[in-house]
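In TrEMBL this protein carries:
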SIGNAL    1-22  signal peptide
TRANSMEM  110-132  transmembrane segment
TRANSMEM  144-162  transmembrane segment
TRANSMEM  168-192  transmembrane segment
TRANSMEM  222-244  transmembrane segment
TRANSMEM  293-313  transmembrane segment
TRANSMEM  343-366  transmembrane segment
TRANSMEM  381-403  transmembrane segment
TRANSMEM  424-452  transmembrane segment
TRANSMEM  464-490  transmembrane segment
Amino acid sequence: MEKWYLMTAAVLLGLIVRWTVSLNSYSGAGKPPMFGDYEAQRHWQEITFNLPIKQWYFNSSDNNLQYWGLDYPPLTAYHSFLCAYVAKFINPDWIALHTSRGYESQAHKLFMRATVLIADLLIYIPAVVLYCCCLKEISTKKKIASALCILLYPGLILIDYGHFHLGFALWGVLGVSYDWDLLGSLAFCLAINYKQMELYHSLPFFCFLLGKCFKKGLKGKGLVLLIKLACTVVASFVLCWLPFFTEREQTLQVLRRLFPVDRGLFEDKVANIWCSFSVFLKIRDILPHHIQIMISFCFTFLSLLPACIKLTLHPSPKGFRFTLVSCALSFFLFSFQVHEKSILLVSLPVCLVLSEIPFMSTWFLLVSTFSMLPLLLKDELLMPSVVTVMAFFIACATSFSIFEKTSEEELQLKCFSTSVRKYFTCFTFLPRIIQHLFLTSVITMILLTIMTVTLDPPQKLPDLFSVLVCFVSCLHFLFFLVYFNIIIMWDSKNGRSQKKIN
């Protein structure tokens, strides 16, 4: 009974921090003509409530797509419509067509935050709590600590507070990890139909489920499971997209809005390989558009292929979790049309392995928040960022004793190091190198943050500090991509357990 009290206290603490920070941060508030992401959420409610469903994704005099036009899948639109229906009863001015643009009031801000909190309480937070409760081979104290640290992760508090698709994705992870495969598939389909960026996680789900079917045998139970999964996926997509399947042009227009390839290879100062490399070579100016798409596809596909093959051949919940990290990171680093906020799609699966590799997970989550520094400063979130980062770091450091978890075994690099020592017997210094890299990393991030906040960049290089943040973060993410792939490819436990099963 005591553990449930402690878990409830941890969840309440996480909620208080999330709610307090969110009430004091509104992206783009009071900044015409676009007013930021807060206005985007309000505008979608205005459009979905006042216009017929066939006009939601089309440009018209009542729906200017250049002004926060809908560019997310149907489930986001339905959610906006539901919120708008409630808003209409409270104050119709909040969603009045045309006249509500840029509407800001304390009551409306409270309403918008309340809609997010309710969705969090219904979808995201229960998934976090249940996931942590289901963790095996760790104490109750560590389960509670995991839940608290995940809820305190700054990225999901500071940036567009309210990521319902991640809640659905987490329910999907829970489902397929504990053999509720149909429910897990349904939950993940809902995640994709809420935000298309969930495609970052799609290949690990596909490979893990396909590997399960292979293991059961495609001439028996495996074939039955495969058919059930296919029917679940098709049915969920058909139900979500049904109003847009009435006409071919409707479907194509929604797809054009979801995948706007004309926007270019990347947006703003994102910490991926293309933005960082553009400092030395302007790829967007040199190569034709279709060549850029092909190159990004090839790099993305090749970087995630080994982990996906390993997961298909040796499906396991642990392999699934780490492959989620690896594939999402490959998409972020190499895919086409990436935004700074997309790093949150990598951060979620990293949160799921926090109890397994606390030192490296904490390090990654700190870097992921740092990589969004230009975006956080743009939204005037410096102080909330400092406070939440410190709270998160202290929670992780005290709960998991992360500085004591840097041995080869704790870093899950024992098998890799043993393999290397067959050729280089002196290869015993890897943990020390990682400790020094961590210290250098933290000092660099602190110095860059101070420089960005206090110094004015040279007139000839107005984006100097933003580019440095982007470049340093990208180097970190390349290092983490190698690290997570080493864990996946040298995970001998999965191989041994698989042989026993066979």
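A Cβ is built for glycine as well, from the same backbone N, Cα and C atoms used for every other residue.
Counting only same-chain residues 6+ beyond the ends of the transmembrane segment (424-452), those with a CB under 8 A from a CB of the stretch are 359-360, 363, 366-367, 370, 373-374, 377, 406-408, 411, 413, 417, 465-466, 468-469, 472, 476, 479. Spatially, the transmembrane segment (293-313) is adjacent to the transmembrane segment (464-490); three or more Cβ-Cβ distances between them are under 8 Å for residues at least 6 apart in sequence. By the Cβ criterion (under 8 Å, sequence separation of 6 or more), the transmembrane segment (222-244) is in contact with the transmembrane segment (168-192), since 3+ such pairs are found.
381-403 is the stretch from 110-132, 168-192, 381-403, 464-490 with the greatest number of Cβ pairs below 8 Å to the transmembrane segment (144-162).
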